[in-house]
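One structure is given below, represented as structure tokens, and several questions about it will come after.
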Amino acid sequence: MGAYGLHVRYEGDDDPDKCSARKLARFDLAELHRATRSTPPGIVLNPFADRVLSPEDGVGSGVRHDRLVALDCSWETAEREAFDLEGIHRALPFLVAANPVNYGTPFELNTVEAFAGALCILGQRDHAEELVSKFTWGHTFLELNDEPLRRYAECTNSAEILDVQDDYLDRE
Ligand SMILES: C[S@@+](CC[C@H](N)C(=O)[O-])C[C@H]1O[C@@H](n2cnc3c(N)ncnc32)[C@H](O)[C@@H]1O
């Protein structure tokens, strides 16, 4: 396994048959936690966070967390307060969803896409490939986002990530 353990605060209010976190857990690729207090601290993938994830946040750069934590809930209940989880909170930069529910939507990734994107940015591409390989559409996420993911991984800090992101937002 890679440098990061994957943890999910599992709310269970989304369609269980389409839930990517449950599928990851079935393959022992992520651990589900049904309560906030049992969810361990880590790098919390939070679209409302003030700072974007960058390689600077990764293990080996003097930091702190070797866990990635996502909140698996419906986008309807994914409000700022729902992300009250322990750790350092980071948003993902511009990436486009490839899953059948939200295909083509920027920033609104599902849980496996969020983990895969974060792992690529943190230099753990093999781990990301392993996750997406469990989903028929999974590799499309890495293909659709190939250029930004490679460019983000070459950045040093969040300011550089935002500069790269601007190139894609300008094209929108
Ligand atoms: C809202 S849930 C939806 C999960 C969906 N039900 C599934 O089956 O995977 C997706 C989670 O992925 C993470 N995520 C998605 N897009 C993100 C972004 N732009 N920045 C940070 N985290 C993000 C967050 O933890 C978010 O709560």
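Quick reminder: no glycine exception, Cβ is built from N, Cα and C everywhere.
Features from TrEMBL:
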type: BINDING; residues: Ser20, Leu71, Leu92, Thr111; note: S-adenosyl-L-methionine binding site
type: DOMAIN; residues: 6-36; note: domain 'RNase L inhibitor RLI-like possible metal-binding'
type: DOMAIN; residues: 43-169; note: domain '16S/18S rRNA aminocarboxypropyltransferase Tsr3 C-terminal'
Counting across all protein chains shown, how many other Cβ atoms sit within 10 Å of the Cβ of Thr111 (S-adenosyl-L-methionine binding site)?
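I get 25 for this one.
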Kindly assign Leu71 (S-adenosyl-L-methionine binding site) to one of the three DSSP-derived states: helix, strand or coil.
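Note: Leu71 (S-adenosyl-L-methionine binding site) is in a strand by DSSP.
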Between any two of Ser20, Leu71, Leu92, Thr111, the residues recorded as binding S-adenosyl-L-methionine, what is the biggest Cα to Cα distance in Å?
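Across Ser20, Leu71, Leu92, Thr111, the widest Cα separation comes out at 18 Å.
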Using DSSP, would you call Leu92 (S-adenosyl-L-methionine binding site) helix, strand or coil?
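Assignment for Leu92 (S-adenosyl-L-methionine binding site) reads coil.
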Among all chains shown, work out which of the binding-site residues Ser20, Leu71, Leu92 has the most CB atoms within 10 A of its CB.
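Per the Cβ count, the most surrounded site is Ser20.
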In terms of DSSP three-state secondary structure, what is the assignment for Thr111 (S-adenosyl-L-methionine binding site)?
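The residue in question, Thr111 (S-adenosyl-L-methionine binding site), is helix (DSSP, three-state).
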